Amino acid sequence: MIPYPTVEDASVALGRNLTWFETVWFDYSATKSNFHVYCHTILVLFLVFSLAPFPLVIVEWTGWFDQFKIQKKVKYSLSDMFQCYKEVMKLFLLVVGTLQIVSYPSIQMVGIRSGLPLPSLMEIVAQLVVYFLIEDYTNYWIHRWMHCKWGYEKIHRIHHEYTSPIGYASPYAHWAEILILGIPTFLGPAIAPGHIMTFWLWISLRQFEAIETHSGYDFPWSVTKLIPFYGGPEYHDYHHYVGGQSQSNFASVFTYCDYIYGTDKGYRIHKKLLHHQIKEEAEEKRFCTALRALGSIMILIVIGIIGFTYYAVVVVNYGPALLIGGVDSLLSVLVLAFFHFLLIMLLWSYFSVVVTDPGGVPTGWRPELDIEKSEGNQALIGEASVGDSSSHGVRYCRKCNQYKPPRSHHCSVCGRCILKMDHHCVWVVNCVGANNYKSFLLFLFYTFLETTVVAVSLLPIFLVFFSDGDGDITVSPGSLAASFVAFVLNIAFALSVLGFLIMHIMLVARNTTTIEAYEKHTVNWPYNVGRKTNFEQVFGSDKMYWFVPLYTEDDKKKLPALGGLDFTSRSESETEPLQSL
């Protein structure tokens, strides 16, 4: 309570006129007791705890600033953040609010005042600097103690439940930790007591700082980046990311204690590794971008080669031969009919590979584990590995931040996990996976047949090119050159595609993919269930559909392996070694 009945009396006592702020403060607090004024601390903390983190909720929910998110793979829903806020409010009502009330005698004892005059700006700044330095140093040692075995297991582990912190999680902690960390917060005002308004400003700024360092976002425009030795969100986020094993970055506000006592070494090593990783990812991204650009060109190249071959076979040679009559016309009809049939099947298969989604992991997919038959599977989920595709354990993709079904792999070019991934093919600008592997094999098959037919049909013209006399040459030099180039291209493609076709026939016979074949050389392969079943898991069981890039609805229902999520496997005792190709 201010011991002056009127503003004029206060001016006389101070020997000067009151400032506008002092007049407002007098009008508001003159008739209120000191205890009543101090209880406003509860309202100040409630507003800070509730309103200050709210913009970060909007940022997390909308994803507008995801480029500045530190742990980009972690995403919190509105319900997650609201649940955190509810827990914080429980602690606030039961611990923080109660603590403010019972601590009033200590406020009186240290001499924090609420009357006039109000402190000057220089006094406020000087006291705040002292408060921050004292709190930072004492908080460092308390925080470090909380990471000892007993302190962490009994108290501090609650706060580390958020390995990727959010604003509302800054005061989320064990009730004992809130009481203990209140000591360094109050120590500064106890050593250098000031006005209650300075005290309110101090606890507000301290909470603003804690909310920012727990925000999970490193905004480049933050004014705190101008403060020397300031830790910030990225610095403290590392501490939460490492969790209970962390022996780094204990600093509350400034980083000088971590530097002096050597508790930032892990962080500095992490920064170097992260810089190297970012550099590698940037190079990988450029490479993948180049592959995608190349793939678009490759489609044009394929169409160009087909168009050039069509010109050489149909327009230059066998089309005009239809008009000659006799055996030559009959032969031309047979060649052109076979050529066009294979060309249609080739193009059908090719564009089926191009436009068909190879198969991605469904959103929210999780492995199904029989808890009753296999105890401890919940622990297995928690310890998901990034192991190989033959593993029956739980697999997890760190890049997609999701579980990986068996036999799936992450494609850096596509930027996602592909079901039963074979490889990424630049010729089709797509991954070859569970849904388009059959189309890819048929594309190889029809390409080999088509290029072989073209090479055989153009062989007589190719031989004429090397004849000594001019009597055998019945076409123009340009047409002869086109036929020669078409023959060379097609014989080269026929030989190269034949090698790929043989390799993939062997892979289908063993029920494996290109990636799996070069991952495994000596381990038992659980998915080799016999050549007939292996073949049907790629081509289906209906013989009428074996040579077209389609499946019957009945096959899709009977053969879940076609979808790339569920595969038949034998017991370990029946598995056979997967030999190197």
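Going from the start of the chain as shown, residues are counted 1 onward.
Cβ from N, Cα, C; glycine included.
Mean model confidence for the domain 'Fatty acid hydroxylase' (129-263) is a pLDDT of 91. Summarising the annotation, TrEMBL assigns domain 'Fatty acid hydroxylase' to 129-263.
The domain 'Palmitoyltransferase DHHC' feature in TrEMBL is assigned to 394-520.
Look at TrEMBL and you will find 35-59 (among others) tagged as transmembrane segment. Among residues of the same chain six or more beyond the transmembrane segment (35-59), those with a C-beta under 8 A of the stretch's C-beta atoms are 29, 65, 78, 81, 85, 88-89, 92, 96-97, 100-101, 104, 107, 114, 166-168, 170-171, 196, 199-200, 203-204, 207-208, 211, 215-217.
Among the features that TrEMBL reports, transmembrane segment is placed at 91-110 (among others). Proximity of distant same-chain residues to the transmembrane segment (91-110), defined by a Cβ-Cβ separation under 8 Å and at least 6 residues beyond the stretch ends, is recorded for 34-35, 38-39, 41-42, 45-46, 49, 171-173, 175, 178-179, 182, 186, 189-190, 193.
Look at TrEMBL and you will find 293-318 (among others) tagged as transmembrane segment.
For 330-351 (among others), the entry in TrEMBL reads transmembrane segment. Proximity of distant same-chain residues to the transmembrane segment (330-351), defined by a Cβ-Cβ separation under 8 Å and at least 6 residues beyond the stretch ends, is recorded for 302, 306, 310, 313-314, 318-319, 321-322, 324, 428, 439-440, 442-443, 445-447, 449-450, 453-454, 457, 547-549.
The transmembrane segment annotation in TrEMBL covers 440-466 (among others). Below 8 angstroms of C-beta separation, residues 309, 312-313, 317-318, 335, 338-339, 342-343, 345-346, 349-350, 352-353, 422, 425, 428, 432, 472-473, 475, 480, 483-484, 486-487, 490-491, 493-494, 497-498, 500-501, 504, 508, 538-539, 547-549 of the same chain, each at least six residues beyond the ends of the transmembrane segment (440-466), sit close to that stretch.
Taken from TrEMBL, the feature transmembrane segment applies to 478-502 (among others).
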- Message: At a C-beta cut-off of under 8 Å, are there same-chain residues at least 6 beyond the transmembrane segment (293-318) that contact it? List them, or none.
- Response: 332, 335-336, 339, 343, 346-347, 350, 354, 426-430, 454, 457-458, 461, 475, 479, 482-483, 485-487, 489-490, 493
